[in-house]
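Structure first, then comments.
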Amino acid sequence: MFKHTKMLQHPAKPDRPDPLFAKKMQEILGGQFGEISVAMQYLFQGWNTRGNEKYKDLLMDTATEELGHVEMIATMIARLLEDAPLDQQEKAAEDPVIGSILGGMNPHHAIVSGLGAMPESSTGVPWSGGYIVASGNLLADFRANLNAESQGRLQVARLFEMTDDKGVKDMLSFLLARDTMHQNQWLAAIKELEAQEGPVVPGTFPKALEKQEFSHQLINFSEGEESAKQNWLNEKAPDGEAFEYVKEAKTFGEKPELKPAPPCVHNTLPGRE
């Protein structure tokens, strides 16, 4: 069950309208690593968690907060658009310089959403459920969460550098702080799970069923041997085994030869040599 609180978690009020920045801000709302993605990712991970209540609660707490961030950013986008009426934009566009700036406005904001946010990226790509990861393996999922928070915080930091609007910067500063917390919480949870299960996912798959002679080889597939200079090659792998550097990749299989397709699929016939 969800209960909506009408107050925002943090203020989301720009100092002035900026349709172009509203378009840019769509990325951290409906882009691949935007707030919609992390909210839905954590929700489905939480709903699918079995028998690990403390992690389920962590996921649901974080997911619910992220829904609030969706609301904050959507509000900010709407406010960046609301005081810039279309007739004023048309008049301003008569100036070539201003016109070139307004020309970058997301037309969806005017045509589709009526000066409101959209569930899409800064380039108008609709948000997709294919962005989220919810595998049922918490260690794998928490690593995906760490990546999502890392990419998301990176994008927020870049947006922070693109504006001098104090109101926008204030909200972005808050989001940066919360992403710092979320990165740290996933790092801590990953460390805890690795201590229980080992660092390789899935830790439940029998090692005897994998070709272990290849399990810790760093294979050189390119010219030169710069990759051999990794300091960690001289240390134990995170799972306790020894690394091995292979300076030249070898082939262990045969040249693949496929049978001709059946006539009913109408493939190109094999060529004659």
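For all residues, glycine too, the Cβ spot is worked out from N, Cα and C.
Residues or ranges marked as Mn(2+) 1 binding site by Swiss-Prot on the basis of similarity to another entry: Glu35, Glu66, His69. Feature annotation from Swiss-Prot assigns Ca(2+) binding site to Asp57, Asp61, Asn220, Ser222, Gly224. Taken from Swiss-Prot, the feature Mn(2+) 2 binding site covers Glu66, Glu149, His182. Sequence annotations record features per position, and here Swiss-Prot assigns region 'Disordered' to 254-273.
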Glu66 (Mn(2+) 1 binding site) CB neighbourhood, other CB atoms within 10 A:
23
For Glu35 (Mn(2+) 1 binding site), just count the other CB atoms lying within 10 A of its CB, please.
24
At the Cα level, what's the spacing in Å between His182 (Mn(2+) 2 binding site) and Gly224 (Ca(2+) binding site), rounded?
39
Beyond Glu66, Glu149, His182, what residues of that chain have CB atoms within 8 A of the centre of the Mn(2+) 2 site's CB atoms?
Val38, Tyr42, Thr62, Glu65, Asn145, Ala148, Gly152, Arg178, Asp179, Met181, Gln183, Trp186
Shell list (Mn(2+) 1; ref centroid = CB of Glu35, Glu66, His69; cutoff 8 A)
Gly34, Ile36, Val38, Ala39, Glu65, Leu67, Gly68, Val70, Met72, Ile73
Provide, as an integer number of angstrom, the distance between the C-alpha atoms of Asp61 (Ca(2+) binding site) and Glu35 (Mn(2+) 1 binding site).
14
Helix, strand or coil at Gly224 (Ca(2+) binding site), per DSSP?
coil
By a 10 Å Cβ neighbour count, the lowest-scoring of the binding-site residues Asp61, Ser222 is Ser222
